[in-house]
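Trainee: Have a look at the structure that comes next, please.
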Amino acid sequence: IAFLLIKTLTTCLIIFLPSKSHETKRQNMEASLTARDRVGIQDFVLLDTYTSETACLDNLRKRFHENLIYTYIGTLLVSVNPYKELDIYSKKQMDTYMGVNFFELPPHIYALADNAFRTMMSEFNNHFILISGESGAGKTEASKKILQFYAVSCPSTKVLNNVRDRLLLSNPVLEAFGNAKTLKNDNSSRFGKYMDIQFDHQGGAVGGHILSYLLEKSRVVHQNHGERNFHIFYQLVEGGEEDLLRWLGLERNCKHYRYLVQGNCAKVSSINDKSDWKTVRKALSVIDLSESDIENLFGIIASVLHMGNIKFEADARGYAMLNNNQEMQWLLGIPNQVLQQGLTHRKIEAKSEEVFSPFSVDHAVYARDALAKAIYGRTFSWLVNKINESLANMDSSRKTVIGLLDIYGFEVFSVNSFEQFCINYCNEKLQQLFIELTLKSEQEEYEMEGIEWEPVPYFNNKIICDLVEEKFRGIISLLDEECLRPGEATDLTFLEKMEDKIGGHPHFVTHKLADQKTRKTLKRGDFRLLHYAGEVTYCVVGFLDKNNDLLYRNGKEVMRQSKNAIIKHCFPSTEPDSKRRPETVVTQFKNSLVGLTEILMMKEPWYVRCIKPNEAKQPGHFDDVLVRHQVKYLGLMEHLRVRRAGFAYRRKYEVFLQRYKPLCPDTWPNWKGTAAEGVRCLIKHLGYKSDEYKMGRTKIFIRHPRTLFATEDAFQVCKHKLATRIQAKYKGYKVKGDYLKQREAATKIETCWRGMMARRERQRRAWAVTDLLICSRFIKGFMNRHQPACTDNSEYLAFVRHSYLTRLKENLPKTILEKDSWLTPPPILQELLLKAQTSALFKGKKENYPFSVCRPFADTRICAEDISIKVLQMIQHEKVKYSVPVVKYDRNGFRPRLRQLIFTQEAAYLVEEAKIKQRIDYSSLKGVSVSNLSDNFLILHVTCDDSKQKGDLVLQCDFLFEALTKLSVIVNKQNCIHVVQGSVRFDIQPGREGFVDFKSGQESMVYRAKNGHLMVVSL
């Protein structure tokens, strides 16, 4: 059902229409509490049987099978890993949850992230989101979703985008160096991470800071079967470029490295090491690591791999010695001799003397592995610090923060060791904080609303925390004491000490202290703690070694001689070499937890509890036993009992009244008074009993879910009745509106039609007038068709040309040689014939011919008015065919003279103003010479019979092609025109000859050369 809200002046109408969106159907099906029997309750607080684990489990299962992976317990979010992609994390989904009331939409991690952000902005205080759950439950993915939401929802500028990119890309870097494949999870975080995201007063992410806890360094040197080392080792070997691997001395085969093969699963189908390598390379650049830092970082990773391949064997006295030195050259630029002594000897200081004591093979292996762990652990800390530097906000103004705590969940394996002890101790402390903060927030809300607080019975796990951390008597103190005491301290002596000191504690048992029945489930080297989440059995083997985590002093000295800048930073010469033993691992972890607790106590909490539905990572499979176990150790039932101790449901008066006001005639459709008075009127009409609710200062508190469900069911019925009435009103309104629209449309159509017909009539009349004008111009053009082109006949002549070319297209001769079969062109198109003749004379012969094609020919270039009357009288018996201005060059000296060249039917005349300078009969014209270049020169060769007769003419004509074509037509001799190269000889007079030389140059010039020739230079 989709809700279409139509607001009138006084009434809010709700119309129910079929929805086409499957996602909308799913959300609204969940929002409707009438569907609770099928899809479960979206808030555990509304369960009637809230004390029943079975009921909680049943509710989770229903929702899981409907792909509803999120459920609330108040403001706590329970997330079940679906082990498949769900279309609920798009940009559209983010927009949907931005700025929306927490319970207004179905449960989602975006709702929690948005409400934490909006509360921080409105109250200007700090918050944190605690994400917990066992390995593989989806903690890392949940933190990624929250970061992605903030990246999209926060204000965006160039600087803020830079911070956002660094926040997002710090994840793949930390995952590469801090995550590994385990039996339960292919991308298990092997360290705890707390990230502060800093926001300015406008809500922009301006910085961040990361704290890391208890990196599992032992994984560097040892992995259980089916597990891998940290991802970065495999990414480097599988994805590193060939040049990089060659520089690091590595081979592209993980099986060649001892530290990578112990788990026997270097290749994992769900992990693409090559692709992840590219992501990490890009991320390292974005978080502001220099190229030298990146090279040094990869050099350390490669050195750890090479260190794992160093082998020892015993010499004749049983002391360790190296049997392969080829790996030594790749170890951080440390001299071989120094490194060899550091791995096979221990430095002992006795007063003022230093003595080097040789190692046995076992001690040498231990020293090598301890050094490898120290190198990797300190490098990881350096990397976290570099990320913090890149995220640092330099603005000193006050910032609010939202912290993300992605911490290990409670772990219970078949064999639990020192790491599980630390992790479960951490969960005990967080559970203690969790209950304390939850009770505190509940109590504060009751007091703020003026509701009497009712004490809540709950299990206080302080007794377990004290068992672990109490001074002098706690397990941590006993473990440290055993590690530090002189003599042969072993894991079993530590166990005996615990039996002696805390043997009577109700939450501690060993094989020796147990009764006959319990003893069968415990080995002699085991002890069992009864945590808040249940019993966990720990094997003491390795507790002392892992807690000591000793690195021999000369190992640090060896590292200080490295040429690697990161190693020098991680093993500074200023580090005090105190003879006192450093703090043990568990004490350091305890202190860091104290610091973390102090940080969290100063912030407002939000919780995400992640649950793994099955061990096989199969979508759709819900393992009841496994989920029940996680519900128990995640403390969900404890939290639910705290939330349900008083009132199951509480809402602000405005929200409650807005939803349920249709149930009371006095409040529907609009309530005039205050929201509190409206709610009081509404619940009186509904018949609430006095013990079922309480009225707070701003909220109504409802004690039992059944009261709310009855109200909700009544609302569903009322909603459908209202919908029927609203639909009837709306349909009438819709039909009336359609009628008015149709009437308006008809009126517009009529108006447009009449206007169109009037415009057509006007256009028809305008066309008639235009046709009349065209006809008159055509007749006038026909009458003047034999006149030169002018305004009166230009349109007619264009028509004649078009008509001829159209007919010619349909009547082309089959071959070019059929000259007689061409259509006779009209007089106006005689120019085409002249152009064809020009093409025959000059095409492909003279350089500037192509430029003349587009220039039309004229009948003459000199009007009759521009020719001297005296000259016209002298040649009046001959009809003038063509005239053109020319430049004549004297035969002696080649001086240029302006002349007129006139062609008649019988001869060519060279005229100077009113005087005929030379007459050339066509019969005496031997030929015409032109060059093949782009000049405009022509030489008229004439027959000279006596010395008095003038010789050949050297002329320059701007209309060369037109003039020569006209001459060839008049004389009717096409072969009289010759295109020559180089020089042209001409007769000055009988017995005397001259030359005109032609050449190309950068500039057009005509001058007399030193040899007496006329030199014509053309472009």
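Each Cβ is built from the backbone N, Cα and C atoms, and glycine gets one as well.
Predicted automatically and left uncurated, TrEMBL annotations should be read as such.
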Trainee: Quick one: which of 524-546, 593-615, 708-730 does TrEMBL have down as region 'Actin-binding'?
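Mentor: That would be 593-615, the stretch labelled region 'Actin-binding' in TrEMBL.
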Trainee: State the count of C-beta atoms found within 10 angstroms of the C-beta of Lys139 (ATP binding site), not counting that atom itself.
Mentor: 27
Trainee: Near Glu134 (ATP binding site), which residues of its chain come within a Cβ-Cβ distance under 8 Å, counting only those 6 or more away in sequence?
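Mentor: Sequence-distant Cβ neighbours: Lys184, Gly409, Phe410, Glu411, Cys610, Lys612, Gln630.
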Trainee: Taking the centroid of the Cβ atoms of Gly133, Glu134, Ser135, Gly136, Ala137, Gly138, Lys139, Thr140 (ATP site), which other same-chain residues have Cβ within 8 Å of it?
Mentor: Asn81, Asn185, Ser188, Gly409, Cys610, Lys612
Trainee: Quick check on the binding-site residues Gly133, Gly138: which one has the highest count of other Cβ atoms within 10 Å of its Cβ?
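Mentor: The residue with the most neighbouring Cβ atoms within 10 Å is Gly133.
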Trainee: What average pLDDT does the predicted model assign to the domain 'Myosin motor' (40-716)?
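Mentor: Here the mean pLDDT over the domain 'Myosin motor' (40-716) amounts to 85.
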Trainee: Are there any residues at least 6 positions away along the chain from Thr140 (ATP binding site) with a Cβ closer than 8 Å to its Cβ? List them or say none.
Mentor: Asn171, Glu175, Asn179, Asn187, Ser189, Asp406
Trainee: Please work out the helix, strand and coil residue numbers for the region 'Actin-binding' (593-615) from the DSSP assignment.
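Mentor: Going by DSSP assignments, the region 'Actin-binding' (593-615) contains 9 helix, 8 strand, 6 coil.
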